[in-house]
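Here is the structure we will look at, set down as structure tokens.
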Amino acid sequence: MNVKKAELVTSAVKPEQYPDGGRPEVALAGRSNVGKSSFINKMINRKNLARTSSKPGKTQTLNFYLINDSFYFVDVPGYGFARVSKQERQKWGNMMETYFTTREALKAAVLLVDLRHPPTKDDVMMYEFLKHYEIPVIVIATKADKVPRGKHQKHAKIARETLRMADGDPLILFSAETGQGKDEAWAALLPFVAS
């Protein structure tokens, strides 16, 4: 897909702050530091529209990125970080649950996992949460360039089995460094965002 225009439109913590207009939305979920910002930047050919951070838990709001004036990527707070108070985690959990369970414009979710390691308990819970609410899921296994090519299929199989993925759900190996998986990711996303 040729992205001509991309902008961060709003950062929201509650429904009244979400953008209106009914454009389709794709949520991006994943552990802190799994590479969500790098994924967004690679997908839209920008270096730093989505700010990358080495500090886990940097994204504390739902960030709505309007792409080509036609749909949104919604970057949701990363999970699985230790340095945040239980109260903060609870607040973020409530915010995410409200978004995922009530947002009609939400058409699909991208769950990002780190290809180098088996998915975490939090990854499994997130996948099950999305399936429970019947939100279509595309799993993106990031940092593929950090895994030797000969081991890609083995790591992908471990990810599929750990998440207990449904047969029809795509698992795409992705690298923000090399661009691997970018075309496949767009191919999987377009049916949900083409209006």
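Counting starts with 1 at the first residue shown.
Cβ coordinates are placed from backbone N, Cα and C, and glycine is handled just like the others.
Feature annotation from Swiss-Prot assigns domain 'EngB-type G' to 22-195; the stated evidence is sequence analysis.
Summarising the annotation, Swiss-Prot assigns GTP binding site to 30-37, 57-61, 75-78, 142-145, 174-176 and lists sequence analysis as the type of evidence.
Look at S37 (Mg(2+) binding site): DSSP puts it in a helix. Annotation comment: Swiss-Prot describes S37, T59 as Mg(2+) binding site, evidence class sequence analysis.
Using a 10 Å radius centred on the Cβ of N33 (GTP binding site) and all shown protein chains, the other Cβ atoms total 20. Taking the Cα atom of each, F174 (GTP binding site) and S37 (Mg(2+) binding site) are about 13 angstrom apart.
Counting other CB atoms no more than 10 Å from each candidate's CB, the binding-site residues K36, K143 peak at K36. For the binding-site residues S37, T61, the ranking by surrounding Cβ atoms (within 10 Å, all protein chains) places S37 first. Of all the Cβ atoms in the protein chains shown, 28 others lie within 10 Å of the Cβ of F174 (GTP binding site).
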